[in-house]
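This report concerns only the one structure given below.
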Amino acid sequence: MIKSWTKKWFLILFLMASCFGHLVATTGEKYFKMANQALKRGDYHRAVAFYKRSCNLRMGVGCTSLGSMYEYGDGVDQNISKAVFYYRRGCNLRNHLACASLGSMYEDGDGVQKDFPKAIYYYRRGCHLKGGVSCGSLGFMYFNGTGVKQNYAKALSFSKYACSLNYGISCNFVGYMYKSAKGVEKDLKKALANFKRGCHLKDGASCVSLGYLYEAGMDVKQNEEQALNLYKKGCSLKEGSGCHNVAVMYYTGKGAPKDLEKATSYYKKGCALGFSGSCKVLEVIGKESDNLQDDAQNDTQDSVQ
């Protein structure tokens with residue numbers, strides 16, 4: 001399963017990279033570049049027209065861009081049928097993100113009837129095209145036994161491959177499996193290495209997982225200041241647990257001088273990003289502003305529960 005915001009931003013970043021990468025001067029690629037330029041200007045009408053032309057000229061990334069616009073209603077009326085149509089066309093033209101998007105829609109039932117066999121089919125196609133999102137999604141499905149028989153070995157294999165394809169979310173998941181001994185022998189060194197790689201790839205959860213190892217001194221020398229910096233990085237990458245952990249450290253004075261104002265600010269950030277622990281602490285702050293209750297939620301949290 002790909003979180004909707006994760007999939008959307010991964011698509012946007014990929015498509016922007018495609019725009020600035022070296023492109024052979026074919027007509028389809030020219031239209032794709034013109035579409036991206038129109039999109040930047042907020043000229044959605046021209047963007048759609050140029051993406052359609054590039055798609056009709058067998059530019060898979062152009063079809064995928066159209067699919068994304070129709071799925072999310074970005075500058076056009078949301079139309080799931082059109083999104084599926086263009087994603088399918090993009091996938092057939094060997095664009096791995098189009099395959100991943102179809103897989104996600106069928107796995108989650110987003111605008112289509114939930115269909116695990118179809119989800120697996122499209123994820124496999126995307127993974128075969130060396131798409132990290134698809135390989136990582138297959139890893140999650142095998143780990144959870146979603147639509148397939150639970151198989152930790154396959155989950156680890158697909159997740160490792162996804163990590164090697166620079167999908168940071170899967171690096172964090174591989175680290176989690178080694179840290180928690182899920183289907184493998186516990187190995188904190190391998191966990192640490194994967195968390196580092198994921199954080200380097202700008203996956204916020206990986207930064208939080210790495211920070212947790214430094215805070216607890218698990219296979220590394222305990223370093224609360226380093227932990228705080230990693231939690232801050234996770235927070236800046238929109239990982240709510242990172243914001244929460246920064247708040248806790250400012251509240252308790254771990255890794256930095258105690259600062260209740262900063263603590264409250266980071267609790268608010270964590271809550272805004274959907275981290276329930278931060279929201280619960282804020283409720284307490286609202287009721288007892290002069291006496292912040294220290295409960296079970298007011299502890300640092302590992303990113304993967």
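From the backbone N, Cα and C atoms, a Cβ is placed for every residue, glycine too.
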- Task: Going by Swiss-Prot, tell me which one of CYS127, CYS163 is disulfide-bonded to CYS135.
- Result: CYS127
- Message: Among CYS55, CYS91, which cysteine does Swiss-Prot link to CYS63 through a disulfide?
- Response: CYS55
- CYS199 (disulfide bond) CB neighbourhood, other CB atoms within 10 A: 25
- Note on the structure: Cβ atoms other than its own within 10 Å of the Cβ of CYS63 (disulfide bond), all chains, total 26
- DSSP-derived helix, strand and coil totals, residue by residue, for the repeat 'TPR 1' (28-61): 29 helix, 0 strand, 5 coil
- Subset of disulfide-bonded residues (CYS91, CYS99, CYS135, CYS199, CYS207, CYS279) lying within 10 A of CYS163 (disulfide bond), CA to CA, in sequence order: CYS135
- Note on the structure: From CYS91, CYS99, CYS127, CYS199, CYS207, CYS243 (disulfide-bonded residues), the ones whose CA sits within 10 A of CYS63 (disulfide bond) are CYS91
- Message: Counting only residues 6 or more past its boundaries, what in the same chain has a CB within less than 8 Å of a CB in the repeat 'TPR 4' (240-277)?
- Response: 204-205, 207-208, 211-212, 215, 224-225, 227-228, 230-234, 285, 292, 297-303
- Note on the structure: Integer Å value for the Cα distance linking CYS235 (disulfide bond) with CYS271 (disulfide bond) is 11
